């Protein structure tokens, strides 16, 4: 297996000349303010992902209030969870233009607005728009920056940092479930959503903590990391020419674009200086023109980077291993969500409600999930361990548990399988790390946006599909079997594509050596 981009055969913009210079790393990389970024991301996961895991409380209130079918009402929660992830690629455009901090603050306001407007819902369709779409988009605008910022601030302990920050999902599931139960009991579901909207404004505070690194600091982190990966690549005897032949995201177009932008702004500044002798109205017009020009340059530059990442000659989709990663993501997330949705009904069918009320199986998944993220992150950061291998082993364990769960008909058996599901699903904390290894820090926002978009599609259609299978067969067994088999297809793609890539790289190396 492989552990870095060089092993795969991709080099996104490495510069050996710069890497040869001794560089003093920023103290905020892997320390200092980096831990405040982890705290901010941790709180974001509590407020967003934790709240979504607790939507079952509100779902029961909506069923009672609007007297609609369970399938129609469930789409409110599915829309919110799915849209949060599906909008990832478009949030990458906002990050490219405005930065993570501004994007997260705007998202926090939008999320709070969605919760607040939902308190005045008159029907389920109203909730589709206010809670499913508005709050979902706001959640996505905060969630992606929270993940990207952790990746930017950490180099050596990325997996541990991502693991610590994403444990907020488990803690949030407990905290938000208890909070929403209390609020609905004491004040009613409408006032509960209004209060939750006020609490969600704390997402703006989390966004304000996302202090951006300077371009110089990002280059230093990128160069230092590339230097260490280059040493590993040499140890594995990969030729530089072969790596470059597999696809490089060039820097020349970006440099030309920056030069053109600086020329435009320079001409505006020159005009402003030359017009100081003019009237005050003319000066105001020049300043306004300068501001608009700067905004236009920022938007053009951000859109150019976003567009080139997805559709240009240097598109992320030219990376075949990354494409295989997307196919895996289309099937993976539903295998984690489906047990949360359907386990209560399975427990009821097996007459295990008394034991489940004492210690719910979904709570076992959530608790062990917290430890799984941290432990897998620590293991992945060990110098002798490949993050990719840990990621694959966790996936194999999870798919085995999904296929095994329908065979368990006792509470103890279900509890053991649920514990394994919780621990192995801790690989979610490794997803940003694996993505960064595939495409590099510079393209992490756009690439991870695509991955969580695929996860969102999986979360949006997975549970309804499982319910549809139950309506046909009157059993949940086939829902888990089909989900597990589709999940296995995604894992096979992850295994096959890197092997093909390595074989092609070796063949090219042999041909060039013969020439």
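Note that Cβ sites are derived from N, Cα and C of the backbone, with glycine treated the same way.
Annotations in TrEMBL come from automatic prediction, not curation.
TrEMBL has this to say about the protein:
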type	residues	note
TRANSMEM	33-55	transmembrane segment
DOMAIN	37-502	domain 'Major facilitator superfamily (MFS) profile'
TRANSMEM	75-95	transmembrane segment
TRANSMEM	102-120	transmembrane segment
TRANSMEM	126-148	transmembrane segment
TRANSMEM	160-180	transmembrane segment
TRANSMEM	192-210	transmembrane segment
TRANSMEM	321-341	transmembrane segment
TRANSMEM	361-379	transmembrane segment
TRANSMEM	386-405	transmembrane segment
TRANSMEM	411-434	transmembrane segment
TRANSMEM	446-466	transmembrane segment
TRANSMEM	478-496	transmembrane segment
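Between the transmembrane segment (75-95) and the stretches 33-55, 126-148, 160-180, 361-379, 386-405, Cβ pairs under 8 Å are most numerous for 126-148.
Most Cβ pairs under 8 Å with the transmembrane segment (411-434) belong to 361-379, among the candidate stretches 102-120, 361-379, 446-466.
Counting Cβ pairs closer than 8 Å and at least 6 residues apart in sequence, the transmembrane segment (160-180) and the transmembrane segment (446-466) reach fewer than three and form no contact. Across the candidate stretches 33-55, 126-148, 321-341, 361-379, 446-466, the maximum count of CB pairs under 8 A to the transmembrane segment (102-120) is reached by 126-148. Highest Cβ contact count with the transmembrane segment (446-466) among the listed stretches 33-55, 126-148, 321-341, 361-379 falls to 321-341 (criterion: pairs under 8 Å).
Within the chain carrying the transmembrane segment (33-55), a Cβ under 8 angstroms from the stretch's Cβ atoms is held by residues 76-77, 80-81, 84, 104, 111, 139, 142-143, 146-147, 149-150, 153-154, 161, 164-177, 179-180, 196, 199-200, 202-203, 206-207, 209-211, 340, 366, all 6 or more beyond its ends.
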